[in-house]
Amino acid sequence: MAQTPAFDKPKVELHVHLDGSIKPETILYYGRRRGIALPANTAEGLLNVIGMDKPLTLPDFLAKFDYYMPAIAGCREAIKRIAYEFVEMKAKEGVVYVEVRYSPHLLANSKVEPIPWNQAEGDLTPDEVVALVGQGLQEGERDFGVKARSILCCMRHQPNWSPKVVELCKKYQQQTVVAIDLAGDETIPGSSLLPGHVQAYQEAVKSGIHRTVHAGEVGSAEVVKEAVDILKTERLGHGYHTLEDQALYNRLRQENMHFEICPWSSYLTGAWKPDTEHAVIRLKNDQANYSLNTDDPLIFKSTLDTDYQMTKRDMGFTEEEFKRLNINAAKSSFLPEDEKRELLDLLYKAYGMPPSASAGQNL
């Protein structure tokens, strides 16, 4: 019998990677069809290699993508399909609004230097990747009733890609794209300050493109400070190490900064050591602005309920706190104000809360 969900009500998810949310069966299908060698020939076997049960370092985790991304990247049909199936997956998890992120360049094989995953050069550009993902998400939204929007990722080790990423954010604003992100290895010294990234974020500010940044996951509070002060981020991806700098944390609390928290992910990537108190407990106790998210459910062999079960069982989270954090997630979403209001109304109704509960940002 399936486990009863820890929070069986509509949910909002803001931090999840498309390329970390692919069905194993879909990877196998395109691997076979395209003649690309995979480390196993069954879904279960594939999960045993790609999936994680115990903590690894972040670089070891990132190496997991090398196993399966060649089966998907560069294939138009596969890219549209993974976006469509992603929405179906979220519908089953009780998500009513999701922002899914990905790097257009890491799914392309043309007009990208270097070409990723040892692919031969083809004719699928980052521009067309964004169009295909948008189509898949829109068809998924129509068929499964989950509102789905996308965030385009710059990669820390490829600042030369970033100017194109912000241009694609502008071009596809009407086709699901709502924001820009900076992802990848944040331990690369000074990577937040590389001119390609800084210029892309300056252009995003100028053009009214929303901004989030992976910072303080395994990097220091200094990386968080750079994300806030230099890249002008509106949300923090993870942000756990903000707590190393109490003055910074207090400032961000006052500014109502939103933390995109991924509890199960933080355990498996070693971003959080289980013998220490998880940052999310402090955020809960302070009634701060944060959400719960899966990050990369394929690799973490998880669903959103995994994160809710973990916080309920191990950290004393209550139904009331789950409601509060989802309302904060909706308020901190990158939707236009009218659509945000509709989403909040849906949540208030489902949670049996009066709409006047929206008074006060942190409820």
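From the backbone N, Cα and C atoms, a Cβ is placed for every residue, glycine too.
If you take the C-beta of E217 (active site, proton donor) and look for same-chain residues 6 or more apart in sequence within under 8 angstroms, you find L58, E186, G237, H238, G239, Y240, H241, S266, T269, A271. DSSP gives E217 (active site, proton donor) a coil state; it is part of no helix or strand. Sequence annotations record features per position, and here Swiss-Prot assigns active site, proton donor to E217 based on similarity to another entry.
The Zn(2+) binding site feature in Swiss-Prot is assigned to H15, H17, H214, D295. Under a cutoff of 8 A between CB atoms, and with a sequence separation of 6+ in the same chain, the neighbours of H17 (Zn(2+) binding site) are V100, R101, Y102, A183, D295, D296.
Marked as substrate binding site by Swiss-Prot: H17, D19, G184, D296. Applying an 8 A CB threshold to same-chain residues 6+ apart, the list for G184 (substrate binding site) reads L62, C153, M155, R156, H157, Q158, S191, H214. DSSP assigns G184 (substrate binding site) to coil in the three-state reduction, outside any helix or strand.
As annotated by Swiss-Prot, N-acetylalanine applies to A2.
Note on K54 (N6-acetyllysine): other Cβ atoms within 10 Å of its Cβ, all shown chains, come to 7. For K54 (among others), the entry in Swiss-Prot reads N6-acetyllysine.
Marked as N6-acetyllysine by Swiss-Prot: K232 (among others). Around K232 (N6-acetyllysine), the same-chain residues six or more apart in sequence whose CB sits under 8 Å from its CB are Y201, V205, R211, listed in sequence order.
If you look up Swiss-Prot, you'll see 126-143 marked as region 'Required for binding to DDP4'. Here the region 'Required for binding to DDP4' (126-143) has long-range neighbours at 18, 76, 79-88, 100, 102, 104-105, 107-108, 111-112, 149-150, 152, 161, 164-165, 168, 171-172, 175-177, meaning same-chain residues at least 6 beyond its ends whose C-beta is under 8 angstroms from one of its own.
The feature site 'Important for catalytic activity' is assigned by Swiss-Prot to H238.
If you measure from the Cα atom of K54 (N6-acetyllysine) to that of D19 (substrate binding site), you get 21 Å. Same-chain residues that are not part of H17, D19, G184, D296 yet have a Cβ within 8 Å of the Cβ center of the substrate site turn out to be L18, G20, F65, R101, Y102, S103, C153, A183, D295.
Between the candidate binding-site residues, D295, D296, the densest Cβ environment within 10 Å is the one around D295. Other C-beta atoms found within 10 angstroms of the C-beta of H15 (Zn(2+) binding site) number 28, with every protein chain shown included. Cβ neighbours within 10 Å of H238 (site 'Important for catalytic activity'), excluding its own Cβ and spanning all shown chains: 28.
Per-residue pLDDT, averaged over the region 'Required for binding to DDP4' (126-143), rounds to 99. Counting other Cβ atoms within 10 Å of each Cβ, the lowest count among the binding-site residues D19, H214 belongs to D19.
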